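**Student:** For reference, TrEMBL lists these features for the protein:
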TRANSMEM  6-24  transmembrane segment
TRANSMEM  31-52  transmembrane segment
TRANSMEM  58-78  transmembrane segment
TRANSMEM  90-112  transmembrane segment
TRANSMEM  159-178  transmembrane segment
TRANSMEM  213-233  transmembrane segment
TRANSMEM  239-259  transmembrane segment
TRANSMEM  271-290  transmembrane segment
TRANSMEM  296-318  transmembrane segment
TRANSMEM  325-344  transmembrane segment
TRANSMEM  356-377  transmembrane segment
Amino acid sequence: MIDAADTFTLGAVLLACVAFSFWAERTRIGLNVGGPLIVLFLSMALANVGVIPHASGLYDTVGGLLVPLAIPLLMLRADIRRVVRDGGPLLLAFLLAVVFTVAGGVAAFYLVDLGEIGPQVAGTLVASYIGGSLNFVATAKAVGLEDPSLYSVAMSADAVGAVFFLMALMSLPALAWVRRAMPSRYLASGAAADATVTPQEEAPGEPLQLHRISLGMALSLLLCAIAQGVAAVLEADSLFILVLTLLALVVANAGGRIVRHVQYDFELGTLFMYIFFAAIGAGADIALVIETALPMLWFIGVVVVVHLLLLLAVGSVLRLDLADVMIASNACILGPAPAAALAASRGWRGLVSPGMLVGLLGYAIATFIGIALTRALG
């Protein structure tokens, strides 16, 4: 077993887990399972067979430094003005999806008994299903859901629920009653045959420039320092993540002159989050994960069912386009990249960028909603 104080070897193992998960995401199975769950399970397996320790100062450093650093990096592109300007009907569908996700979370809270941690779990999972893994982590830290085993249970249930949600969502166009209730100009025009564009082709990458990467890191650290100072003045450390998220949102929308000079911010933020997932997996007790995962799966099932049923019903009444509803729902539950990927794979070129934009809006608002829901239910 690697000693908990052997920082370099332990760090090498964690980053090897991260590297494998990024590689695995390029395979068909890995794409369906998702990188965060792969790295979580891999590090959890290594810890539970005795290769790496369950506790280490390195894990604490990762959670205390890399997670706050990742939050601004992942939110610098969340331009709310652009979402409002370019979102159109998709924005309305997305806002409805957010409301119905919260409704599903409230219903699940009263239908599924999760014990004393129920409010924290409800807020964290709802934040994840409005935004993404960024909001899962930020909300969990803000509401005090930091036990590694519970964290792993919630993340595992979150990922499994997402797979079943995607299967249900993709099957909607095949259901005749859904097509009758909610016609789509995209499906009627046969746009799905032109599935040749990808989000990457829409926005080709720029040459790597180290000064632009360094600027993003410096900006993120500065926001962390300011947020920490504000939390200290208010004598409320629990507000650190909330203040940091708010500051990142302000910079994303008011600091355009600075943000446009930043490069690879999202990629760096994603890397930091994956390292954190590896540390969380290492701290998890797999026996407890298996024992407590089922109630959370039921919880997520209720959230997803309520979300889809209400969105289809209200969308039909408002005569929303089925394609808009599908992309909005995907952006809400799974995030911007999966929403853009779904639009691209279906050949709905006009929905690729708007899907990405409303998904980024989810990143911007989900943590606030998750924290508010936790307090309301608590």
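Our numbering is plain: 1 for the first residue shown, then up by one each step along the chain.
Placement of Cβ uses the backbone N, Cα and C atoms for every residue, glycine included.
All annotation found in TrEMBL is predicted automatically rather than curated by experts.
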**Student:** Determine which recorded stretch among 58-78, 90-112, 213-233, 239-259, 271-290 has the most C-beta pairs below 8 angstroms with the transmembrane segment (356-377).
**Tutor:** 90-112
**Student:** Pairs 6 or more apart in sequence, C-beta under 8 angstroms, 3 or more of them: is that satisfied by the transmembrane segment (213-233) and the transmembrane segment (271-290)?
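**Tutor:** Answer no, regions not in contact.
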**Student:** Sort out for me which stretch, of 31-52, 58-78, 90-112, 239-259, 271-290, has the most Cβ pairs below 8 angstroms to the transmembrane segment (296-318).
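**Tutor:** Going through each listed stretch, the top one turns out to be 90-112.
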**Student:** Tell me whether the transmembrane segment (239-259) sits in contact with the transmembrane segment (58-78), defined here as at least 3 Cβ pairs under 8 Å among residues 6 or more apart in sequence.
**Tutor:** yes
